[in-house]
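Remarks on the structure that follows.
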Amino acid sequence: MSTSSSSRIAIEQNNKCVNSVAAALCPLSNCQFSGVVISAISDEQKLEFNSIYKSSCTLSCSYDSQGVLLRIMLDNDQGHVLKEYMISADTDAAQLGRRCYAVSLESDNLVLRFGSDKDQQLFRKVVENVKHLRPKSVFSQRTEESSASQYFQFYGYLSQQQNMMQDYVRTSTYQRAILGNSIDFQDKIVLDVGAGSGILSFFAVQAGAAKVYAIEASNMAQYAQQLVESNNVQHKISVIPGKIEEIELPEKVDVIISEPMGYMLYNERMLETYLHARKWLKPHGKMYPTHGDLHIAPFSDESLYSEQYNKANFWYQSAFHGVDLTTLHKEGMKEYFRQPIVDTFDIRICMAKSVRHVCDFLNDKEDDLHVIDIPLEFHILQTGICHGLAFWFDVEFSGSSQNVWLSTSPTAPLTHWYQVRCLLPMPIFIKQGQTLTGRVLLEANRRQSYDVTIDLHIEGTLISSSNTLDLKNPYFRYTGAPVQAPPGTNTQSPSEQYWTQMDTQGNRNSNSMLNGALTVNGMGDGGMDITHGLMHPH
């Protein structure tokens, strides 16, 4: 793909620190090593000295915006790349003797046996220069390399971008918020954080933006560039590959736009990246969205609880094909109840008004999102069994002309965020009028997610329940089936309601026929000529 001159200029202005590293590495970062035997270290820490490839390999090292790109090819087939890895400041590596070098690349632990001492020393310098001369970014410090690799690979697929773009509520709300506040974008400099396909950047241009810097760390950046060029807006939008924590911009911006929300608002930890981007925001600048509200409510759903409980009971079998599985029942139960449930539900399963926790994107600090401690107090509106807590979020775009809300509430049209429910392994029975107190503790981890701890207590009693869940490993339960009303919500006989409705419709049809009009499917707009007992629709 050819890169436009405007994009090339933007990339050249990127990251002064990275440029200094490139100069320091050159020519070390652009070299090849032939005759390398590559071995693997297994999870059992066993070293297999036989090559994992059918012959010795050639390693090609070339500078990349993220560090040094390592390509592996066979010596006798250098036109075909077997594997690509990124050597970054986070790469773990160690020298083994005079010719071997151990390196941990993504999920692979490799030992490289070079053909000469000199080759090993040169490769070691490449790795050490990347590690020593390039400081770890905030993103790298908080994120495991394997998690980051998986994350950016996921968002590098067009199909995943399509999934988000086809979320009509999401995409249309963003467009309306931006176009409805064109005064905030007209002739302004805009930063799009985690631009993906660049759709929000295009909205900013539609609203009159003078310049948009679209930052995207995944391979989607190349597709965004293609869209920019094919839509002839390369003079307006500059696509910059890289992470906002690691790039440099040529100027401050008036507005930051982004779609940084994950499940339960905070999952994927993209909000921290969004807040980090404020270092490029001019005083009194705008952020779209401006703040987010996480809603939390206790819920009752015996069906969901039984479903998860029965799954775990698979491990309660004492004669599964002649094998006793019961020793794993406790761990199986723990694993299933550590999974947040992603689906949707009727809000009438909620037993109290939701508690709202606000995240202010204009003023909160990145560190504020490392540990989020939310106190809870619910005044119970209906007697029943509390099976856990339900979560959803709303975000507001506070513009100069109008405020626009994007909601993932169960009362709003469904989005690709759905809602999230966290179960209690030990549900608690609670009565109307009682007060349920406690806390939700979200502790960030290096897998770009959170460990979620729930503690609930019925005030004035000794009854309590708790659970810790892994937000990185949710259970996607949504099937597309219509949401069912919770049991016990009918205040009249559904059967009688149905027949009453049918009787009413029948009476209406009879009256229509007497008046010379035929009602079809309850709509009386057909005329009838009964001269010879034949109906003739007009």
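The backbone N, Cα and C atoms fix where each Cβ goes, and this holds for glycine too.
Listed in Swiss-Prot:
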- GLN161, ARG170, GLY194, GLU216, GLU245, THR273: S-adenosyl-L-methionine binding site (BINDING)
- 148-457: domain 'SAM-dependent MTase PRMT-type' (DOMAIN)
- ARG508: asymmetric dimethylarginine (MOD_RES)
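Location within the structure of each feature annotated in Swiss-Prot.
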residue : record                               : DSSP (3 states)
GLN161  : S-adenosyl-L-methionine binding site : helix
ARG170  : S-adenosyl-L-methionine binding site : helix
GLY194  : S-adenosyl-L-methionine binding site : coil
GLU216  : S-adenosyl-L-methionine binding site : strand
GLU245  : S-adenosyl-L-methionine binding site : coil
THR273  : S-adenosyl-L-methionine binding site : helix
ARG508  : asymmetric dimethylarginine          : helix
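Comparing GLU245 (S-adenosyl-L-methionine binding site) with ARG508 (asymmetric dimethylarginine), their Cα atoms are 68 Å apart once rounded. The full span of the recorded S-adenosyl-L-methionine binding residues, GLN161, ARG170, GLY194, GLU216, GLU245, THR273, taken as their largest Cα to Cα distance, is 26 Å.
The recorded positions under consideration are ARG170, ARG508. Their Cβ neighbour counts within 10 Å are lowest for ARG508.
Look at the Cβ of each of the binding-site residues GLU216, GLU245 and count the other Cβ atoms within 10 Å; the largest number goes with GLU216. In this structure, the binding-site residues under consideration are GLN161, THR273, and the one with the smallest number of other Cβ atoms within 10 Å of its Cβ is GLN161. A Cα-Cα distance of 61 Å separates GLU216 (S-adenosyl-L-methionine binding site) from ARG508 (asymmetric dimethylarginine). Here the CA atom of ARG508 (asymmetric dimethylarginine) lies 51 Å from the CA atom of GLN161 (S-adenosyl-L-methionine binding site). Listed in sequence order, ILE215, GLU216, ALA217, ILE244, SER258, GLU259, PRO260, MET270, THR273, TYR274 are the same-chain residues at least 6 apart in sequence whose CB falls under 8 Å from the CB of GLY194 (S-adenosyl-L-methionine binding site). Between the C-alpha atoms of ARG508 (asymmetric dimethylarginine) and ARG170 (S-adenosyl-L-methionine binding site), the distance comes to 43 Å.
Per-residue confidence over the domain 'SAM-dependent MTase PRMT-type' (148-457) averages 98 (mean pLDDT, predicted model).
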